[in-house]
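Novice: Reproduced below are the annotations present in Swiss-Prot:
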- 1-176: region 'Endonuclease' (REGION)
- 1-186: domain 'PV NS1-Nuc' (DOMAIN)
- 72, 81, 83: divalent metal cation binding site (BINDING)
- 141-145: motif 'RCR-3' (MOTIF)
- 141: active site, for nuclease activity (ACT_SITE)
- 177-180: motif 'Nuclear localization signal' (MOTIF)
- 302-457: domain 'SF3 helicase' (DOMAIN)
- 328, 329, 330, 331, 332, 333, 334, 335: ATP binding site (BINDING)
- 532-553: region 'Disordered' (REGION)
- 533-548: compositional bias 'Polar residues' (COMPBIAS)
């Protein structure tokens, strides 16, 4: 219960108007352990006791109030002042002054001969808010005063009823036990599990509290269970509850307090990984359809290994490797994946370069820090190293001073090398080694399909829940020695749920379409440069359209008006989706030295059954490889469908499609 406090001034003129009822009052005052009351002091004691007696049997807003009244002498002038500490279920800042003045003036009306009224001055802060710390005010100020400074005191608060007029107790050097203010009315304390005995502790014992405190605790736990940490999320989850709380000033304050406690509990008392896991495991069974899994497979990473590392990293169990760095060109899914993970945690912050003086203004008190398009300047390199390494540090905040930042996981996305430290117009690699020791780098090199869309929290929860349910043996073998570059995919260790394209070993099965391996190998490259390969206006079909089986539509021949989809256009989330990137040995293909051609994997080297003729991946890799070799010898012959018959060379030079197809990209960059 909130206890308000204030002061009533009683001048000497009021006592001059005392009538016979006041002077001749027969009210019994127990002064056995108190200084004797004489003259006007006795009048004030009678007046205070009369007010307390009337308050005990009154109704209206003052019904059931807790009160503590103490009258004292003025120091510098004649007269008295009364300290009033009062609170009840019907009292609030709006009616406090009216109720207190009405109570005291109603009693005073029958004790004076003239119409005299007292004015109540409530205790208020500099911002105009009422003090609600009556309990602390009694304990730390009023009860420490002794006679003769105190004339009289009355109260109905358990623990102070007998001690408030005990001079021996007040003169004690310290109290044996802090009295506790009963915060319930009638049977409320027993319902809430509190004891109403004298001398109990202020802090509830064994986690028990009042109905209001238990309700507030339940609200905080509900926010954490439903992953509600912002007002906007609260409105979406339970708009009715939010509206009811927002209808009053105290309810609005309760909303802010509950959200702060829920965020603190989620960031400090509960592992962050619990918010990244799905509660219903049945919804994570079809993991091969997960967008994040497809994205990681596209980027040549094992989704299981990456997911298990993310779970360790988000719980700050990776030691100094406190940072994930997604590095690569634009449109490869870096920021998409980073923001999906960030939106799944309770609360995340971002490094903001709009104000270079306070880039880490939004880092304190967060579960995760997102550093998009990161760049490190010499002025903040030491603070950056501490944050990236998960070490506690202090950062400056705008108009707030410095604030402590504990170890917080960091995810970085960038197109450039963040290990370069920028100082003015110069860059240095002095800190590169120290920065790399704090990061795990994932290279995103393959452009994503425009059909991918944004990754959602459900995708993250499905992916990480599946990873958490699998064996951690593969991850533990790598985690023994953390490396700067995250290890690429290992076909032998890939989980069976992720192997969507099994390798064909039966030599009796021919390639699709009834074509021979030689015809399919020869035509695969020409499908890459077919006139319709760059036609982006025609919608793609889920059914593959057969390409040309020979080079009839190649450069120099007439162009067919029929739009023919290339084989690489049908690829979705595979390394072959970026056909115009030069192949990397050991990443995109393995060289078969015996037969002198590239194959898709080690198992197809020197394959007696002719792996190239049976595996479609080997055919695509061979066509891709031969295409780059062809471009080296004929760099100016290949044109896109729009410029096959173009006579103006500038039209070809400015066409990005022609540049990719003909190998003119290096020439254009040079010029």
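Placement of Cβ uses the backbone N, Cα and C atoms for every residue, glycine included.
Structural setting of the listed features?
Specialist: As a whole-number mean, the pLDDT of the domain 'PV NS1-Nuc' (1-186) in this prediction is 84.
Residue 83 (divalent metal cation binding site) carries a strand DSSP state (E or B).
In the motif 'RCR-3' (141-145), the DSSP tally of helix, strand and coil residues is 3 helix, 0 strand, 2 coil.
Applying an 8 A CB threshold to same-chain residues 6 or more apart, the list for residue 141 (active site, for nuclease activity) is empty.
Mapped onto three states, the DSSP output places residue 333 (ATP binding site) in coil. Its own atom aside, the Cβ of residue 333 (ATP binding site) has 26 Cβ atoms within 10 angstroms in the protein chains shown.
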Novice: Of 81, 83, 334, which of the binding-site residues has the most Cβ neighbours inside 10 Å?
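Specialist: Result of the Cβ crowding comparison: 334.
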Novice: Given the binding-site residues 328, 329, 331, 334, 335, which one's Cα is the least distant from that of residue 83 (divalent metal cation binding site)?
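Specialist: Sorting the binding-site residues by distance from residue 83 (divalent metal cation binding site), the top entry is 335.
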Novice: If you measure residue 332 (ATP binding site) to residue 81 (divalent metal cation binding site) at Cα, how many Å is it?
Specialist: 75
Novice: By a simple count, how many Cβ atoms lie within 10 Å of the Cβ of residue 335 (ATP binding site), its own Cβ left out?
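Specialist: Counting Cβ neighbours of residue 335 (ATP binding site) within 10 Å gives 20.
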Novice: Rounded to the nearest Å, what's the C-alpha distance separating residue 333 (ATP binding site) and residue 72 (divalent metal cation binding site)? Just drop the number here, would you?
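Specialist: Each residue's Cα considered, residue 333 (ATP binding site) and residue 72 (divalent metal cation binding site) end up 74 Å apart.
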Novice: What does the structure give for the C-alpha distance between residue 328 (ATP binding site) and residue 81 (divalent metal cation binding site)? Integer Å is fine.
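Specialist: Between the Cα atoms of residue 328 (ATP binding site) and residue 81 (divalent metal cation binding site), the distance comes to 75 Å.
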